[in-house]
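To keep things clear, I will list the structure first and then write my remarks on it.
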């Protein structure tokens with residue numbers, strides 16, 4: 001094993017392995033970042049100062065788009081009084097559903113109180129007195145753990161009325177969704193939270209102006225909010241000492257697939273896949289890297305030529321993809337790229353809400369063409385049809401679900417067109433899917 005140039009920086013994940021790490025007692029035993037100390041510090045500051053700290057830290061959204069968190073908070077109208085004043089809301093998007101994305105669920109399971117503390121600080125900053133954590137309904141253990149942690153926070157006086165004697169009140173609700181991937185899109189999430197079918201809204205108006213119940217609303221990802229307490233305690237300079245100039249700080253990288261030690265690796269933004277694979281023991285023994293996703297199934301594929309691309313928003317963007325949720329799905333040479341993209345296409349076809357014609361119809365036809373290619377009934381024209389349909393989807397719907405379906409299609413043809421041609425000219429898939437399978441303990445099937 002070589003020496004890693006970029007050290008891991010466990011901050012959010014530092015105490016995940018502690019016994020009963022999810023309890024309030026354990027959270028408050030931490031040495032450097034003792035639980036709820038950041039909240040106590042924030043409550044002594046004016047709300048606008050808290051926003052300024054988060055803005056100056058350079059924290060960017062960890063849910064995919066990478067928008068500046070402090071800037072998003074500052075969009076909330078401040079100073080409204082009288083009849084014109086509307087309540088402000090904070091919503092945490094914990095509807096983690098995309099293939100390959102798996103960082104928020106272990107975070108909430110291991111240390112739910114860091115999320116709750118971040119929620120209280122963020123709500124105080126934007127002057128919200130009601131906050132919601134919207135969780136994917138299937139993850140029942142996460143829901144139970146969050147409910148227990150919220151109950152502990154209420155009992156300790158960190159939630160409810162007059163928190164810490166500051167005069168600030170906050171009610172926090174943990175809400176279970178019904179399992180629709182589309183509800184990970186922020187405006188569809190708001191519709192679901194209001195009791196309607198989850199579908200993306202036309203913007204403008206943006207949630208900061210007309211969000212939940214038509215009121216100013218901030219929507220942030222779990223990891224984004226969980227990063228706030230350490231910034232309040234550690235300070236701007238400490239946070240900016242990690243990562244890159246435009247993408248400062250630390251983040252969770254999720255390695256899965258054909259890797260020796262899959263899991264969550266917390267590191268500064270800008271680390272490379274080569275370095276992360278070094279920490280993870282490399283690609284599984286006897287195999288080599290073929291392609292990978294930098295941010296889950298909705299981001300354009302990269303290849304072994306991109307091992308040294310800095311994994312920050314600018315570096316990955318310059319390489320032709322997106323950092324997204326930092327879900328690094330690793331595929332070795334035994335994987336059929338056509339089969340992999342077909343599986344993702346089936347997912348997006350199933351999860352399309354049907355509101356926008358390009359996405360609804362486009363994902364259906366993409367799936368039909370992939371079925372032909374995999375079963376030996378494809379043609380050379382089908383490859384061009386995939387690109388044509390993807391172009392008809394890209395950027396032509398209310399949300400980015402259709403874009404996510406088109407991205408792996410277009411990028412896989414760009415990098416592996418010969419493999420598509422082999423499916424046409426060879427009468428079907430030339431790969432044996434058993435070669436790429438893994439059993440539960442990571443040993444070849």
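Just so you know, glycine gets a Cβ as well, placed from its N, Cα and C.
As recorded in Swiss-Prot, the features of this protein are as follows:
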BINDING   61, 62, 63, 64, 65, 66, 67, 68, 69, 70  NAD(+) binding site
BINDING   177-224  FMN binding site
BINDING   353, 356, 359, 399  [4Fe-4S] cluster binding site
- Task: Sort the binding-site residues 61, 63, 69, 353 by C-alpha distance from residue 183 (FMN binding site) and give me just the closest.
- Result: 353
- Which of the binding-site residues 201, 207, 213, 399 has its Cα closest in space to the Cα of residue 69 (NAD(+) binding site)? 207
- Task: Quick one: of the binding-site residues 61, 67, 189, 219, which has its CA closest to the CA of residue 356 ([4Fe-4S] cluster binding site)?
- Result: 189
- Item | Spatial separation of residue 399 ([4Fe-4S] cluster binding site) from residue 177 (FMN binding site) - C-alpha basis, Å | 19
- Query: Looking only at 65, 219, the binding-site residues on record, which one has the least crowded Cβ, with the fewest other Cβ atoms within 10 Å?
  - Reply: 65
- Message: Neighbour count, 10 Å Cβ-Cβ cut-off, for residue 67 (NAD(+) binding site): what number do you get?
- Response: 13
- Note on the structure: Quick note, residue 353 ([4Fe-4S] cluster binding site) and residue 201 (FMN binding site): C-alpha atoms separated, nearest Å, by 12
- Message: Using DSSP and collapsing to three states, where does residue 353 ([4Fe-4S] cluster binding site) fall: helix, strand or coil?
- Response: coil
- Rank the binding-site residues 63, 213, 356, 399 by the number of other Cβ atoms within 10 Å of each Cβ and report the first-ranked residue. 63
- Give the distance between the Cα atoms of residue 61 (NAD(+) binding site) and residue 219 (FMN binding site), rounded to the nearest whole Å. 10
- Message: Are there any residues at least 6 positions away along the chain from residue 195 (FMN binding site) with a Cβ closer than 8 Å to its Cβ? List them or say none.
- Response: none
- Specify the nearest of the binding-site residues 189, 201, 219, 359 to residue 67 (NAD(+) binding site), where nearness means the distance between Cα atoms. 219
